[in-house]
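Database features (TrEMBL):
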TRANSMEM  7-25  transmembrane segment
TRANSMEM  45-64  transmembrane segment
TRANSMEM  76-95  transmembrane segment
TRANSMEM  145-165  transmembrane segment
TRANSMEM  221-238  transmembrane segment
TRANSMEM  302-317  transmembrane segment
TRANSMEM  323-341  transmembrane segment
TRANSMEM  348-368  transmembrane segment
TRANSMEM  400-422  transmembrane segment
TRANSMEM  434-455  transmembrane segment
Amino acid sequence: MLFSSISFIYYFLPMVLLLYFLVPFRFKNLILLVSSLFFYFYGEPIYSILMIASSLSGYLHGLWINKTRKSRYAKIPLICSITFSIGILLYFKYADFFIENIVWLFGFEIKALKLALPIGISFYTFQILSYTIDVYRGNARVQTNFFNFAAYVTLFPQLIAGPIVRYTTVEQELSQRKHTVANFSYGVRRFIIGLSKKVLIANTLGELGNIFFSLQESTVLFYWIYAVAFMLQIYYDFSGYSDMAIGLGRIFGFHFLENFNYPYISKSISEFWRRWHISLGTWFRDYVYIPMGGNRVSTVKWIRNIFVVWFLTGFWHGANWNFVIWGLYFGIFLIIERLLLNGILKKLPAVAGYVYTLFFVLISFVIFNTNSMAEFTGYIKGMFGFLSIPFSNSETNYYLISYGLTLIIAAFGATPLTVRVIDKIKNSKKGEYILNVSELIVLMSMLLLITGYLVDGSFNPFLYFRF
């Protein structure tokens with residue numbers, strides 16, 4: 001079940017809200033747990049058992065870790081927890097990848113398992129791992145109530161595509177949280193904004209991909225148009241989902257941390273990754289990079305740490321070499337920026353920093369969006385005019401005009417300019433009143449427009465569902 005679907009917006013969510021706010025607080029987590037299991041079962045009936053088993057494993061390992069934390073055997077339950085969680089993830093997400101590469105390298109006759117990827121497994125596995133590690137470190141109190149822990153793991157607002165919510169973020173709110181009109185209204189507003197980003201912008205930009213691959217002959221300009229469109233699409237798709245998750249969380253009284261902070265205004269690759277998929281970046285920082293020594297080691301070991309983290313970051317996204325290369329691509333840039341470009345980047349004019357970052361991020365998403373190096377090199381050749389194709393033609397010009405406004409709105413919306421304008425208007429009482437009234441009208445209009453789009457349209461993918 002997608003957030004951007006009629007069944008979720010007008011059937012599932014209203015029913016859950018009705019039940020949730022009718023019952024006393026002591027039953028609210030149970031309502032969330034049952035609702036989340038139904039939400040997952042609706043799309044993944046078989047793998048619901050796997051998610052419950054993973055939740056039970058995390059819960060029991062947490063109790064075991066807490067019991068032995070001060071003994072010399074403290075690491076044993078932690079190692080068991082990590083082994084079980086990573087083992088499940090490796091088997092269901094990466095088994096066929098390993099089999100294919102073993103067959104290719106050694107020629108063994110091994111049949112692929114052809115397992116369907118359990119939706120959200122990368123996200124809820126990392127949440128369980130963060131919990132058991134934090135209990136071991138003493139950063140989180142052990143959760144003795146299984147239903148509360150299972151509610152945390154399966155919480156439907158962030159279950160499918162994040163953000164990765166750490167247990168320490170919602171630890172107190174699992175047992176005591178406030179339900180206010182302000183929280184509810186903020187949550188609804190944030191959900192509609194995220195829904196608009198997903199349906200009205202990301203889906204529209206995604207149509208350019210279908211057009212691009214259906215063309216008899218492409219052009220240099222269309223290669224660039226599609227590259228830019230995909231870079232914007234994945235941002236609006238994923239940040240839109242994060243907005244919806246944060247909004248839904250707030251409706252139910254949870255304060256999830258932000259997952260995006262206008263990454264396309266970054267002036268370096270390092271800054272880009274401080275703004276993009278923040279929950280994943282900080283997860284690898286706190287549970288992999290820092291335990292390996294972080295940057296408090298020799299240069300050689302620091303480079304090793306960077307390569308390990310970015311290999312894992314790429315591999316986390318999918319069982320394909322393009323994702324590994326994508327991760328290592330960013331790792332190499334981070335090394336170059338720190339060792340060679342640090343002083344230069346600080347002295348560059350802001351515009352030059354933006355151009356530098358956007359160009360290499362654009363290239364990174366070409367890697368991300370292709371399935372092989374041959375496909376990637378072919379796309380790069382197309383972008384830079386090495387495929388003996390025209391720069392443009394009437395068909396390309398038609399699609400540029402047709403989708404040009406969406407591209408401009410998407411580019412403008414990926415900056416904080418709109419927020420700054422709104423903040424200036426809020427400074428006056430009259431402006432704040434006008435803004436509040438107009439905001440309500442705009443949000444309701446967008447919801448109606450989205451409803452019409454969803455009723456009539458069938459193109460409604462979620463890019464991060466495959467991770």
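Each residue, glycine too, has its Cβ placed from N, Cα and C.
Remote same-chain residues near the transmembrane segment (400-422) are listed as 197, 201, 204-205, 207-208, 221, 225, 228-229, 232, 235-236, 262, 264-265, 435 (criterion: CB distance under 8 Å, separation of at least six residues from the stretch ends).
With respect to Cβ pairs under 8 Å, the transmembrane segment (45-64) is most closely packed against 145-165, considering the stretches 7-25, 145-165, 221-238. The recorded stretches the transmembrane segment (323-341) and the transmembrane segment (302-317) share 3+ CB pairs below 8 A when only pairs 6 or more apart in sequence are counted, and are therefore in contact. Residues 4-6, 9, 188-189, 192-193, 195-196, 199-200, 203, 422, 425-426 of the same chain, all 6+ positions outside the transmembrane segment (434-455), place their C-beta atoms under 8 angstroms from a C-beta of that stretch.
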